[in-house]
Amino acid sequence: MVGEDYTSIRHRQSSSTGHGTPEKNEMQKRSEAEKPFQNSSNGWVDVDHGITKKMQLIAEAEELKPAFMKEVDSHFTEFVNRLIAKSVLLESSTATSTFPVATCSERDLHKTKGLRAPPEHGKLFTARRSLLDELFEVNHIRTIYHMFIALLILFILSTLVVDFIDEGRLVLEFDLLVFAFGKFSVVISTWLCMFLSTFILPYGLFLQWAQGHCCSSHRKIRSLFFGMLFMLFQSIGLGLGPTYVAVSYALPPASRFVIILEQVRLIMKAYSFIRENVPRVLSSAKEKSSTIPVPQVTQYLYFLFAPTLIYRDNYPRNPMIRWGYVATKFAQVIGSLFYAYYIFVRLCIPPFRNISQEPFNLRGLVLCIFNSILPGVLILFLVFFAFLHCWLNAFAEMLRFADRMFYKDWWNSTSYANYYRTWNVVVHDWLYYYAYRDFLWFFGKKFKAAAMLSVFAVSAAVHEYVLGVCFGYFYPVLFCLFMCFGMVFNFILNDRRKGPIWNVIMWTSLFLGQGVIICLYSQEWYAHQYCPLKNPTFLDYMKPRSWDCHIQI
């Protein structure tokens, strides 16, 4: 009976399948065709067929992966944008309860039409990690970091071996580092004076101006007076003072870099504090508010140490400090310093030491530039990694500063316009909000090209000023590269350029530019060492010494 029932069931199933739809019949045939040959007499056929089907599935998965990742990325981006929009609304509501003038509504935009944009219309700070911290969690990317460590080990070994062969002993003097960071006591005392003056004077001037602005009968004269005092402090106290110390005490290059870079940083921070808070006081006086929106002194002190050049009363903060992370970042900074030391010792000093004894000609210049590309690129990577990643992240961690977007993926840039925006986000934000946007606010949105040119000119002049003071001579190589090639590439390699070929062009020109900078500035440095002038005139300071140094030897 059981056999008969089973036979009848099979008969009914086959009859129902035979009378089914063509689609079902086709799917059944396909599934049967894709089954492994389980009843085959040869076991190898089953294995080969299974492997073939598995490879086909893997190939299909690889084809679907880009579309899947693109879909996930779009949904994730939409989610993050919604989250940021909600956080903006929360910040706006909080700011409204604290300062009635600092809102983003249409009513307030109409009221403050004659004033500059309030801080909430500027940069938005959110809690986010640095890009390299995220990338280093991927083993494939971290291997690149390990490769640079291996290269540092080879630099150290090669230097030790060469010194042992030449001297017959291990030479661990690090004379170049000792020379570069010499007279560091002067650096520390100068920095303390700069910091204390920046902490006391701008805040004190702003507090005195803000408290008496509402009840003053001569507001414009009063504002002009305090504005002139602030500009005098910026130009003389923070401008000429540190520069005079660096030159008069004949500080070595690295010590000068510390003073001049801190000088530029404090000038930009003081300006940002005044720029962000003056519109609040003006709006409060216009609305005849009883409260004066003056930040607390602790907020200003936190801003002076925070790794940003845009002032806010409050920043997103992390709940705790990871001291192990801080120690790791400072150790990486020290490692980068020794990396740069070995690059100069092994790749820069030997070829440039006798460069002034050779005639200055086109052939020697071309060879010098191409020989300087490798050390120039390594120095570029070290500056980026040591300062923009390690140094800023270390201070951000100690201050629980949560917004770690100090840079973006500049290495993926296909245009110089994108490279300038992503290489140093901290400085770019300051230039964008206080130079570019304020220029458009003064002269109108029709002058975007002039605003961009002014930003390039300011950036190029500051870079050349830093190098000129730190090296002790005027040789405007970087200024010319910024204003000539930088501007041309900014318009030619613009944001419309996409694709890998433009990324290759960007990297090629960037490498070549680094070679030009290292070559020309090194030549000029050794020319000033080997060919000093007894009674130099003003034209002697303007003319590059390396052009005719070989004649005086």
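Backbone N, Cα and C atoms are what each Cβ position is placed from, and that goes for glycine too.
The feature region 'Disordered' is assigned by TrEMBL to 1-43.
Under the heading compositional bias 'Basic and acidic residues', TrEMBL lists 21-35.
Residues or ranges marked as transmembrane segment by TrEMBL: 144-165 (among others). Residues 136, 171, 335, 338-339, 342-343, 345-346, 381 of the same chain lie 6+ residues outside the transmembrane segment (144-165) yet bring a C-beta within less than 8 angstroms of a C-beta in it.
Sequence-distant contacts of the transmembrane segment (177-203), counting only residues of its own chain at least 6 positions beyond either end whose CB sits under 8 Å from a CB of the stretch, comprise 230, 233, 237-238, 241-242, 245-246, 249, 251-255, 258-259, 262-263, 266, 269-270, 273-274, 297, 300-301, 304, 337-338, 341. As annotated by TrEMBL, transmembrane segment applies to 177-203 (among others).
Positions annotated as transmembrane segment by TrEMBL: 224-247 (among others).
Within the same chain, residues 99, 101-102, 119, 122-123, 125, 195, 198-199, 203, 206-207, 210-211, 214, 265-266, 268-269, 272-273, 275-277, 280-281, 284, 392-393, 395-396, 399, 401, 403, 406, 426-427, 429-430, 433 sit at least 6 positions outside the transmembrane segment (292-311) and bring their C-beta atoms closer than 8 Å to a C-beta of that stretch. Summarising the annotation, TrEMBL assigns transmembrane segment to 292-311 (among others).
Residues or ranges marked as transmembrane segment in TrEMBL: 323-344 (among others).
Nonlocal intrachain contacts for the transmembrane segment (364-392), taken as residues 6+ away from its ends with a CB within less than 8 angstroms of a stretch CB, comprise 130, 132, 148, 307, 329-330, 332-333, 336-337, 339-340, 343-344, 347-348, 351, 355, 358, 404, 406-407, 423-424, 426, 510-512, 514-519, 522-523. The feature transmembrane segment is assigned by TrEMBL to 364-392 (among others).
What TrEMBL records for 447-467 (among others) is transmembrane segment.
Sequence annotations record features per position, and here TrEMBL assigns active site to H463.
As annotated by TrEMBL, transmembrane segment applies to 473-492 (among others).
What TrEMBL lists as transmembrane segment is 504-523 (among others). Same-chain residues lying 6 or more positions outside the transmembrane segment (504-523) and placing a CB less than 8 Å from one of its CB atoms are 348, 352, 355-356, 365, 368-373, 375-377, 379-380, 413-416, 419, 467, 471, 475, 477-478, 481, 485, 489, 493, 546.
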Cβ neighbour count (within 10 Å, all chains shown) around H463 (active site): 16
